[in-house]
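Take a look at the structure below.
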């Protein structure tokens, strides 16, 4: 079994493997994008955008199960990749990964991090969100996800980033990633503006 821990979604975090019922970590010696690609694909999280080491997502616990991984990038499971028989690592060298299907959000251009234009990090780049389906529910989900309380207003902005994301929630969800979303489909975003939100928290 394989999982990512300490990240902001199931597609970002510290790489953890399970062996005989115990979860352990991977050492960052030799850790690179082909190794991270195998993790992302195994978790159905797309491809690797970055492969941070140095316990970027916090230090793990338990045994260090792999060191000097040498994946070529096409392997189906991380266990199939060659690795060193012993390790000389501590948890401050735990390997991490950010996969392309990880989504995170920020509000930019407002008075603080709880107001402004909605921007989403997805597939390695920041994009704007189309306001054509940006209603009270979608805004409420984002304000809660960001720890910013409730949505007060939904101002519109210009699209100035390369990509466009569209969210449709239908019902309250823990995050916009669990709503229905489409990326860079022109029709529903045609003549849209970039969504914004002002939340009541700071």
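Using the three backbone atoms N, Cα and C, a Cβ is placed for every residue, glycine included.
Caution: TrEMBL annotation is automatic and unverified by curators.
Lifted from TrEMBL, the feature list:
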type     : residues : note
DOMAIN   : 2-100    : domain 'SRCR'
DISULFID : 71-81    : disulfide bond
DOMAIN   : 105-200  : domain 'SRCR'
DISULFID : 169-179  : disulfide bond
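Sequence-distant neighbours of residue 81 (disulfide bond) (same chain, 6+ apart, CB under 8 A from its CB) are 35, 38, 66, 69, 70, 71, 72, 75. The helix, strand and coil residue counts that DSSP assigns across the domain 'SRCR' (2-100) are 16 helix, 30 strand, 53 coil. Assigned with DSSP, the residues of the domain 'SRCR' (105-200) fall into helix, strand and coil as follows: 20 helix, 40 strand, 36 coil.
Taking a C-beta cut-off of under 8 Å and a sequence gap of six or more, residue 169 (disulfide bond) has these contacts in its own chain: 137, 138, 141, 176, 179, 180.
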